[in-house]
Amino acid sequence: MPRDEERTLEIPQDARRRAAFLQRELARHGRLYYVEDAPEIPDDEYDALYRELIELEAAWPELASPESPTKRVGARASERFEKVPLSVPMLSLDNALNEEDLDGFLNRTAPWAAGGYVCELKIDGLAVSLTYEDGAFVRGTTRGDGRVGEDITANLRTIRTLPLTLSDFPRGRVEVRGEVLLERKYFAVLNEEREERGEPLFANPRNAAAGSLRQLDPAVTAGRRLSIYLYSVVAPERLGLASQREILEWLSRSGFPVQKAWQFCPCGDAVKEFIAAWEKGRFSLPYATDGVVVKLDFLGTWSEMGSTSHAPRWAVAFKYPPEEKTTRLTDILVSVGRTGSLTPVAALEPVTLSGTVVRRASLHNEDELRRKDLRIGDLVRVRKAGEIIPEVLGAVAEVRNGTEREFAMPEFCPSCGSPAVRLEGEAALRCMNRASCPAQLKEGIRHFASRGGMDIRGLGERLVEQLVDKGIIRTVSDLYRLQADPVAGLDRMGQKSAENLINAVAVSKERPFSRLLAALGIRFVGARGAEILAEAFRDVQTLSNAPEEILASVEGIGPVMAASIRSFFAREQNRKLLEELAELGVRGALPAAEEQPGEQGSRFLEGMRIVFTGELESLTRSEAETLAKGAGAACSSSVSGKTSLVVAGKEAGSKLARAAALGVRIVGEEEFLEMIRSGRTS
Ligand code: IVH
């Protein structure tokens with residue numbers, strides 16, 4: 001077998017240059033699309049570049065670095081989903097960015113506005129189209145390029161508020177459209193988890209919703225807690241609907257979630273009042289909105305006014321100006337991350353932005369700080385990216401009075417005092433004292449106990465802080481040696497909460513091997529990587545002894561991850577930690593058959609026979625059965641020896657008793673939904 005360098009020499013210069021160009025360009029377009037939401041090229045052009053790169057990398061695998069866009073799950077690869085032509089194009093909306101634009105729209109539409117307008121909030125999500133046949137949800141697509149969408153039916157099915165069957169359904173085919181979104185609180189949690197795993201953050205809820213819907217594995221989508229709101233019906237006249245008001249009312253009556261804020265506005269002034277009222281009011285909503293969609297109410301006027309190639313003339317999207325404020329930069333603090341990276345953080349005079357008080361904002365790294373030329377004491381402009389992540393835009397340099405102080409990153413770790421080192425090729429400074437830096441230990445424990453890791457409930461930031469500062473915990477394994485006594489004496493703790501914590505720690509011993517791996521925080525090993533490793537190597541012993549080439553040969557584990565895993569297990573300290581954990585009963589539970597996500601996580605109930613009994617709260621019986629069947633189960637109405645599972649709602653009667661007598665597993669509605677969400681039966 002030729003050595004690496006020899007094979008590398010065989011790659012033609014042209015191919016090497018072209019691959020590097022494509023990797024750079026695709027990464028740039030991916031970023032424009034997802035992070036900046038400003039794509040420069042249409043999907044099919046992107047797809048063509050993407051395919052070309054795949055082919056080049058297939059021909060010369062050495063060209064495929066782990067950083068290549070082709071190695072990224074969730075990249076902008078639209079060709080992963082089947083394309084479906086849309087029955088009626090999904091248009092965009094023209095924007096009104098100020099009062100003048102809005103007046104322009106109101107004036108243009110005035111001759112048609114005798115029937116008034118409907119104002120709705122513009123939801124910051126991803127447009128989708130849903131098709132129902134005889135009342136059953138059969139297909140859902142993204143907007144794609146507006147003419148051809150992507151089939152994301154399986155992923156849409158996992159959205160809990162999306163009705164799978166319609167109440168009082170109309171015969172034949174009905175197509176409705178709306179927006180899938182991620183509520184602020186779930187967005188924040190999702191990004192926190194991503195940060196903990198070292199995965200790139202979503203810039204706003206819209207990108208998070210898009211990224212979640214474009215997952216190949218519906219089980220991943222299911223874990224993201226998306227919501228949906230509908231606002232339009234294709235061919236509404238077929239249902240006898242004559243206005244936008246009637247459309248929204250029909251949607252609500254049929255069981256679709258519809259935003260509550262919409263309002264009929266008889267004239268332009270009423271439209272302006274609506275817009276003014278929601279400028280501040282929108283921050284109390286659970287989801288982010290960046291504007292108001294104003295539509296002529298009467299459908300007859302829609303066809304009269306018509307559309308341009310990209311947007312209807314009878315509607316406009318009024319965009320609120322992004323809320324930007326100035327405040328004082330009172331200090332620049334340095335936080336120490338789990339891997340020792342030092343991050344400058346702005347301490348701000350408290351300022352209310354998009355409805356919450358902001359006191360801190362990450363300044364990312366030293367280069368960023370220089371680029372923005374920030375000085376302590378500066379008046380700075382701040383805003384929230386995607387209305388959620390606080391960001392310092394820059395200083396108001398004109399009002400400096402000479403008392404402002406420049407800031408330099410420290411030469412020593414602020415937590416343990418070890419030298420801070422800038423490693424080659426990295427933007428961040430790093431504290432190299434992995435063994436005993438308290439800040440790294442705190443972050444490491446937080447990561448270990450986080451939801452994507454060992455999921456130790458009740459072990460919050462303040463508690464970790466105290467446990468480490470008081471010397472109760474010196475390594476991660478000390479968690480499993482905790483005694484109630486010292487814990488009960490800590491701030492805001494008592495005997496009961498201490499016991500709860502110790503129970504939660506004990507419960508975490510049963511987490512599967514993949515979670516233990518994710519919890520360890522091995523660089524470059526996120527949730528997906530951990531799952532792949534757990535499946536391939538099954539236990540710590542085998543994994544820790546696997547040579548680098550074997551690791552790298554596993555599909556989904558590139559050379560960078562392989563090297564990182566090797567160097568993790570090469571460290572005596574890490575081996576010792578794993579030994580200690582094993583002695584304490586933390587080995588990573590072996591993946592039992594049903595704990596594996598089923599085929600694609602979607603047919604995980606294959607072969608099971610399920611009986612529903614009693615009254616379900618959040619679903620109708622037929623919705624529940626559709627969900628079960630969608631996951632591969634058969635449903636029947638009576639309990640027998642062949643029944644594998646009974647889902648019992650309220651006031652379940654004789655079937656429940658029979659199931660109990662036969663020893664059939666019985667679960668409640670919530671547990672059943674959790675199974676559907678997680679793609680697992682336990
Ligand atoms: S109506 C013919 N109503 O905004 C276009 N769109 O900027 C019909 N959007 O593509 C769209 N909230 O994805 C409409 N209440 C709402 C909306 C809404 C959000 C999105 C939609 C559209 C985009 C245009």
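Each residue, glycine too, has its Cβ placed from N, Cα and C.
According to TrEMBL, CYS413, CYS416, CYS431 bind Zn(2+); the candidate from CYS267, CYS437 that the record adds to this site is CYS437. Per DSSP, the secondary structure of the domain 'BRCT' (600-682) breaks down as 31 helix, 17 strand, 35 coil. DSSP assigns LYS122 (active site, N6-AMP-lysine intermediate) to a strand in the three-state reduction. Within 8 Å of the centroid of the Cβ atoms of CYS413, CYS416, CYS431, CYS437, where the record puts Zn(2+), the same chain has further Cβ atoms from VAL336, GLY340, PHE412, PRO414, SER415, GLY417, SER418, ALA420, MET432, ASN433, PRO438, ALA439, GLN440. With respect to ligand 1, the recorded positions ASP47, LEU93, LYS122, LYS295, CYS431, CYS437 contribute LEU93, LYS122 as residues with a C-beta closer than 6 angstroms to one of its atoms, given in sequence order. Secondary structure at CYS431 (Zn(2+) binding site), taken from DSSP and collapsed to helix, strand or coil, is strand. Nearest neighbour of CYS437 (Zn(2+) binding site) by Cα distance, taken over the binding-site residues GLU45, ASP47, LEU93: ASP47.
The Cα atom of LYS295 (NAD(+) binding site) lies nearest to that of LYS122, taking the recorded positions LYS122, CYS413, CYS416, CYS431 as the candidates. The least crowded of the binding-site residues ARG143, LYS295, judged by other CB atoms within 10 A of its own CB, is ARG143.
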